[in-house]
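Database features, via TrEMBL:
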- His158: active site (ACT_SITE)
- Cys200: active site, nucleophile (ACT_SITE)
- 383-479: domain 'Legumain prodomain' (DOMAIN)
- 1-21: signal peptide (SIGNAL)
Amino acid sequence: MAHLTVHLFLLLLLLPSFMAAADSYHSPEPTDDKVVVTRWAVLIAGSSGYVNYRHQADVCHAYQILKKGGLKDENIIVFMYDDIANNTENPRRGTIINHPNGEDVYAGVPKDYVGKDVNANNFYAVLLGNKSALTGSGSGKVLKSGPDDHVFIYYTDHGAPSLLGMPSPPVVYAADLMSVLKKMHASNSYKSLVFYVEACESGSMFEGLLPEDINIVAVTASNANESSYATYCPGETPEPPVEFHTCLGDLYSVSWLEDRCVYIYMQYIYGAAFRQCHIPCNIVFIRETHDLRKRTLKGQYDYVRNRTSVGHTYELGSHVMQYGDASLNSKFLVSYIGWGLGLGGKNLPNDKSTSATSVNQRDADLVYLWNKFVKSGDGKALKELIDVMSHRLHVDSSMEMVGNILFGSEKGMEVLGTVRPAGQPLVDDWNCLRTMVRAFETYCGSLNRYGLKHTRGLANICNAGITADSMRAASSQACREFPTNPLSSLSKGFSA
Ligand SMILES: *[C@@H]1O[C@H](CO)[C@@H](O)[C@H](O)[C@H]1NC(C)=O
Ligand SMILES: *[C@@H]1O[C@H](CO)[C@@H](O)[C@H](O)[C@H]1NC(C)=O
Ligand SMILES: *[C@@H]1O[C@H](CO)[C@@H](O)[C@H](O)[C@H]1NC(C)=O
Ligand SMILES: *[C@@H]1O[C@H](CO)[C@@H](O)[C@H](O)[C@H]1NC(C)=O
């Protein structure tokens, strides 16, 4: 009762500011802009396969928020492999959820680029607005933004030092992405650009690379040298519905997708239970389900950073990082993603989700295979799990051996594992990195998603001035036989 009184009192205190705010309803939504601007968005899930359910779930959820928030389909470009909703493993065929109690986020998502059209080339072509460079049969939608417009890019997938995955090779290299962003800036194709990335080592996409003076701010799920985390995984809390044996989301992604200070404030108005907002946020207008809000990029960054780091404990959590133009921090989020956050209806989790447990993204496939085996007794899943484990062992031990051959057994691991100081990119010579990946894979087999984490070691081999010939010799010495494990096969081409 005492609580209720306090809350009522708070409500009365807050009410005048809500009323004042309501006056602004007839004026356009709050943005920093004096001219008419268009918000553009590019959303990319860089993986395929039911094991990676969560990446497409994140992207579909992001689409729903942008759409509810007022962005038009013609301005939202979606890349997703689209093999989840109808997947034979999907217990809720035709739908995708991004939270254990979540509602469908799949309905209505535009299929601009699906299947093989989800690739690095098309991603660059879309960003550069270059229709003639597109390959395949996508919608042909490209960014047509101009110098007054805001662009939002959201990428979720597996990553590795200085690269992001794609369902089909090649990967997105940090250096290539950076040159695309610089071209966009040079051609005046945005006023400001916000880039959210969920991936392991996602900080390495921008660390030492993104200039501060091209009106781009990038926020990444992790720093340059750590994993990011999958969440809503089987066996973790909160757990997905029992019929799911895959993770439903990623920790950083759901943190921004579920950022819903506004919703909590709305509860004051409707008299529902009082809940404390994590970060102060102001609302300028609330009516029924429509709200316009004054959340800034910084406000969301602080909130998301706390949740993704599990309250700064970093236990099963990562360091959310920011790169580029920090002056964009004071901009309103609505200028980029609209006002759809918190309008997810039944999709809203309870506060307990902030204490959710998560799984290192790199281990999410093990969790998936294990749960698939346990739930279905499917012997194939067990065989696959064994293959995955032995492939990991092979890749890790081969890299270690290469390091020992090149640098001696005392120094080998140390050199490969060296993390350059903050502000420096992973490697200076990007062609060298590509060459080293190829040299290793030629003799030791495919790195695969997991093995891509060794790009740091391969980059350090470049940074140490080792020649391609020495690398080839070391790799052939380390891997005398090309492994027969299906994951080692190079049939899909080089990993990077
Ligand atoms: C999924 O199945 C539905 C119903 O059979 C079909 O209409 C839809 O095109 C399928 N989607 C994909 C991506 O295969
Ligand atoms: C668009 O892409 C094509 C094919 O890659 C290329 O030849 C052309 O120069 C590009 N145009 C622009 C404006 O970048
Ligand atoms: C940070 O997160 C923890 C739980 O992860 C939560 O208890 C705490 O209230 C949050 N703090 C802020 C300032 O948001
Ligand atoms: C990883 O990167 C962070 C941020 O750049 C840095 O503070 C930390 O020391 C690095 N870790 C290692 C092992 O170098």
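Backbone N, Cα and C define each Cβ position, glycine as well.
TrEMBL annotations: computationally assigned, not manually curated.
Note that the coordinates shown come from a computational prediction; the quantities given were computed from them, not determined experimentally.
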Checklist entry - If one measures from the C-alpha of His158 (active site) to the C-alpha of Cys200 (active site, nucleophile), what distance in angstrom results, rounded to a whole number? => result 6
Next on the checklist: Taking 10 A as the limit, how many CB atoms besides its own sit near the CB of His158 (active site)?
Outcome noted: 27
Item to check | C-beta crowding around the residue listed as 'active site, nucleophile', within 10 angstroms | outcome: 27
